[in-house]
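Participant: Here's the feature list from Swiss-Prot:
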TOPO_DOM  19-1095  topological domain 'Extracellular'
CARBOHYD  N51  N-linked glycosylation site
CARBOHYD  N77  N-linked glycosylation site
CARBOHYD  N144  N-linked glycosylation site
CARBOHYD  N163  N-linked glycosylation site
CARBOHYD  N237  N-linked glycosylation site
CARBOHYD  N264  N-linked glycosylation site
CARBOHYD  N276  N-linked glycosylation site
CARBOHYD  N306  N-linked glycosylation site
CARBOHYD  N513  N-linked glycosylation site
CARBOHYD  N530  N-linked glycosylation site
CARBOHYD  N579  N-linked glycosylation site
REGION    1024-1105  region 'Heptad repeat 2 (HR2)'
CARBOHYD  N1051  N-linked glycosylation site
TRANSMEM  1096-1116  transmembrane segment
MOTIF     1159-1162  motif 'Di-lysine motif'
Amino acid sequence: MLVTPLLLVTLLCALCSAVLYDSSSYVYYYQSAFRPPSGWHLQGGAYAVVNISSEFNNAGSSSGCTVGIIHGGRVVNASSIAMTAPSSGMAWSSSQFCTAHCNFSDTTVFVTHCYKHGGCPLTGMLQQNLIRVSAMKNGQLFYNLTVSVAKYPTFRSFQCVNNLTSVYLNGDLVYTSNETIDVTSAGVYFKAGGPITYKVMREVKALAYFVNGTAQDVILCDGSPRGLLACQYNTGNFSDGFYPFTNSSLVKQKFIVYRENSVNTTCTLHNFIFHNETGANPNPSGVQNIQTYQTKTAQSGYYNFNFSFLSSFVYKESNFMYGSYHPSCKFRLETINNGLWFNSLSVSIAYGPLQGGCKQSVFKGRATCCYAYSYGGPSLCKGVYSGELDHNFECGLLVYVTKSGGSRIQTATEPPVITQNNYNNITLNTCVDYNIYGRTGQGFITNVTDSAVSYNYLADAGLAILDTSGSIDIFVVQGEYGLNYYKVNPCEDVNQQFVVSGGKLVGILTSRNETGSQLLENQFYIKITNGTRRFRRSITENVANCPYVSYGKFCIKPDGSIATIVPKQLEQFVAPLFNVTENVLIPNSFNLTVTDEYIQTRMDKVQINCLQYVCGSSLDCRKLFQQYGPVCDNILSVVNSVGQKEDMELLNFYSSTKPAGFNTPVLSNVSTGEFNISLLLTNPSSRRKRSLIEDLLFTSVESVGLPTNDAYKNCTAGPLGFFKDLACAREYNGLLVLPPIITAEMQALYTSSLVASMAFGGITAAGAIPFATQLQARINHLGITQSLLLKNQEKIAASFNKAIGHMQEGFRSTSLALQQIQDVVSKQSAILTETMASLNKNFGAISSVIQEIYQQFDAIQANAQVDRLITGRLSSLSVLASAKQAEYIRVSQQRELATQKINECVKSQSIRYSFCGNGRHVLTIPQNAPNGIVFIHFSYTPDSFVNVTAIVGFCVKPANASQYAIVPANGRGIFIQVNGSYYITARDMYMPRAITAGDVVTLTSCQANYVSVNKTVITTFVDNDDFDFNDELSKWWNDTKHELPDFDKFNYTVPILDIDSEIDRIQGVIQGLNDSLIDLEKLSILKTYIKWPWYVWLAIAFATIIFILILGWVFFMTGCCGCCCGCFGIMPLMSKCGKKSSYYTTFDNDVVTEQYRPKKSV
């Protein structure tokens, strides 16, 4: 099971209990009398804890709390709250617990106790050992439940739930109604016995596991990995494997990317222009009769009031009742445009008396402020006060201003310019709604500056790169230290899968490289520990097999760790690359040819989220898709099974192709009879002229010499060979040479000759000639030897440099060939990656199309249209599954071929012509390549051909017997005719030889048997007139219109592998290596033996005598000389040796007594 059963907690009955689960992290209430059958069911009634707090005392410093009142409440505004006391509980006493309550808006439910006369305002006095649960609305009690303390000895918990306003006391339901209202406030009033723990909760859906009507386990659908997996598949039991999922509860944020860091906006300035009214009449009596002109009212924005005509008028200050009156306006009309703010503003002009006209207009509410100006007008304006209505006063200009304070309206002299500073706060690594340079959408933003900055993308003031659908793919933002590049990915990865190993949810496989992820094959793995993501750990362990879930060569264990699957037979496998040490002999009529061959042995695995591909994020489509049953599971099972079989076969392939060790045969003590196989075995070392005893008794000295040293050595062989030293001298290129080594005998001989030649002057001077001649010959030998060594060194260096050059060129050509293979495979992978990325983009388009269908049609028509889309997309997924199966079959066949190639071409020498390269196989070197293996075959191909006459066989016709036929035996070759004679030769190499009995097979007849195949036997042969193709096609494809959605158009050029030029270069390198032979000048090694001096031989003689004496003494003292008396002939011991020696005889002063003991049987 994926989840851990909570065996300590069981819900007993409907609407009667509520217990906290999972270390009190959530609570589950099943509120129905109907019990679902056993199994997992998606239910409501689960509440997850979002906040925890504690309180130790809220009764202050008093000796106890006051019973019968509600106190200590706190505002929560939550779906549920649980208030719990310590496990020992709290006593129903004012010294500890008084009241607990919950407020559901206008309804309050509480539990309390009160045993005082007149001191219980809420419940009245209760009898001893009774408690009261009550509910009241707007101060009026409407529910009472009296319970004995025998049922609840102490206060333990008080839980309130919004669903049907349920209240639980000590886990038992004590109040409910038919309303669902959130808890607004709650609290416990107590003095001691705490602390009281408050757990505020929110409502979530839950997947509950029922057994006999009782919930045994609960999984919250809260967006956690465990909740996402269980609630999407409606089960908590999962076997090991991979489970695609869709996270529809993504937290969405929003950000905007601006084109510029700041924007200047010029606002509109509204101009109001006032002028003098030339035809205005004097006002009648009373302020209400003053007529207004040119009323201008500002709405919102910026305004300019133009009073330029006032330049010919004289402003009249306020003087009691005369002139202007504007105490509420701290400005003059000349300064009204100086950036003043108003909520409302209206201006008009009028003509009235300067005496009291402004003041009375403000008092009567005609204006907020009034400004008076004199223009020398007539005194024809009537008064405005009650005693002056019939009096005439000087007429003046009155300007009415009606306003209120605020910020909707601002005055200005010029159009204002507003600068807006833009800050690009980009939210990374989460799903967001974005507005990037005016293009809106939803995506997962990642920073790709490190990988994109070196390519100078968008270097010419570009802002973004769009994909084929017109959406933003990559955009750039100017940062503090240069350009920053960001990539927009789909919010939901269609390849994301949960990994279940050992029955536990251990990780996530995704195609998105997130922080802390770990690359496994072509996916990224994120380990999950305790329901949360964790940073990656390196792979440090190898396992021989994986009993859990595996992905490629990686084994995912139940603790989430990763191990590499390495079968035991592969642990010590090391494949050398170009370490070729074999010697190949090539016939003159053949050329060495190098052929490369690439075989694919593995395939890229693809994971598709079926539900996401079909419906996108449309909830209506997903609801309709439930009618299709497990079709997605069937398609995914096909794709996943292909991946699993691919992994298993790949491991078996590597296991089966491991090179086995070869045991060296031991051929000692093997008799081959009359067959001489000495040429096949190692030649024994030839015996030297000196024996082992000579090598032991003489010191040898080796020296490098000329080829003439061998003749000199043979000439001086013998006991007195040193006398022939000068006579055995040889010539080399016209120079007399002797080996440079002189023994002691030669030195004594030549020294005595030189001394004798100097005894009598010129008479004996000729005796020095041998000494001078041998000295000159030895100097010649040394000079020539040094010259030859120098020449050989130059030849070796030149040839070695040439060989190294050819080897480097060969490795470079091989590297280029492999690089081309890498490029081809990489481009194929890039095409697949681009295809999957485009599918990700298309999923967003799918959601948009479905959403438009539901917006444009009613429910029935929309479901019909979406049903067609679902059918089409399921068909596409079926085609994908079939394609992966076909690809798997093809790759599996390629693996079988690769296995044959390794076994037949690499581990052995193939006898099949052109199976391992072109021509007859010599050697094959394997090399790892992307998704496969490259074989480099060395073979020899014909260079020249001989035109011969071939004969199938011979028909023999004896004189006195029936005729018979002979044909070549299998593998022996073919019969040929050369110059009238018949021979047999191999089919692939011209080697004519006489025909022997072992080369033929005898046939009983010279006739050939023919088998005729009738047309009716093989039914696959079809005449042209058997059926009409057009007629047959019209039956099944008649006026049928098939339209496929126009997704991204792919236009890819598939690369073709061509490395012929590199192979030609390798062949040239081989020819160059063949030419790098070294023809060195021949030298020889001369070994000269030098005898030891006389004192060495004297020491050897003394050591031999002492050894013999010690050996005789040992024989005498141990009485074991009986077998040696005749050999040594020691006469004084004969009498002792004549006696019988026994292990049981004791000697004292030679022979004193002789004791015999019984002999023991052995």
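In case you wondered, yes, glycine gets a Cβ from its N, Cα and C as well.
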Participant: Per-residue pLDDT averaged over the topological domain 'Extracellular' (19-1095) comes to what?
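Facilitator: The answer is 76, the mean pLDDT of the model over that range.
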Participant: Return only the integer: C-alpha distance in Å from N237 (N-linked glycosylation site) to N163 (N-linked glycosylation site).
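Facilitator: N237 (N-linked glycosylation site) and N163 (N-linked glycosylation site) have their Cα atoms 29 Å apart.
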Participant: If you skip the near sequence neighbours and keep only those at least six away, which residues in the chain come within under 8 angstroms of N51 (N-linked glycosylation site), Cβ to Cβ?
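Facilitator: The list for N51 (N-linked glycosylation site) reads Y198, K199, V200, given in order along the sequence.
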Participant: List only the single closest residue to N264 (N-linked glycosylation site), chosen from the glycosylation sites N163, N276, N306, N513 by CA-CA distance.
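Facilitator: Going through N163, N276, N306, N513 one by one, the closest to N264 (N-linked glycosylation site) is N306.
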Participant: Can you see whether DSSP assigns N163 (N-linked glycosylation site) to helix, strand or coil?
Facilitator: helix
Participant: Counting across all protein chains shown, how many other Cβ atoms sit within 10 Å of the Cβ of N513 (N-linked glycosylation site)?
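Facilitator: Looking across every protein chain shown, the total is 11.
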Participant: Could you state the CA-to-CA distance between N276 (N-linked glycosylation site) and N513 (N-linked glycosylation site) to the nearest Å?
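Facilitator: About 76 Å separate the Cα atoms of these two residues.
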Participant: Given the glycosylation sites N144, N163, N264, N276, N306, which one's Cβ is surrounded by the fewest other Cβ atoms within 10 Å?
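Facilitator: Checked N144, N163, N264, N276, N306; of these glycosylation sites, fewest Cβ neighbours within 10 Å: N264.
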Participant: Determine the most Cβ-crowded residue among the glycosylation sites N77, N237, using a 10 Å radius around each Cβ and all protein chains in the structure.
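Facilitator: Comparing the glycosylation sites N77, N237, the most crowded Cβ belongs to N237.
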Participant: Quick one: of the glycosylation sites N77, N144, N163, N306, which has its CA closest to the CA of N513 (N-linked glycosylation site)?
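Facilitator: Checking each of N77, N144, N163, N306 against N513 (N-linked glycosylation site), the shortest Cα distance is to N77.
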Participant: Closest to N77 (N-linked glycosylation site): which of the glycosylation sites N144, N163, N306, going by Cα position?
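Facilitator: In terms of Cα distance, N77 (N-linked glycosylation site) lies closest to N163.
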Participant: Measure from the CA atom of N163 (N-linked glycosylation site) to the CA atom of N144 (N-linked glycosylation site) and give the result in Å, rounded to a whole number.
Facilitator: 20
Participant: What Cα-Cα separation, expressed in whole Å, is found between N306 (N-linked glycosylation site) and N163 (N-linked glycosylation site)?
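Facilitator: Their Cα atoms are separated by 66 Å.
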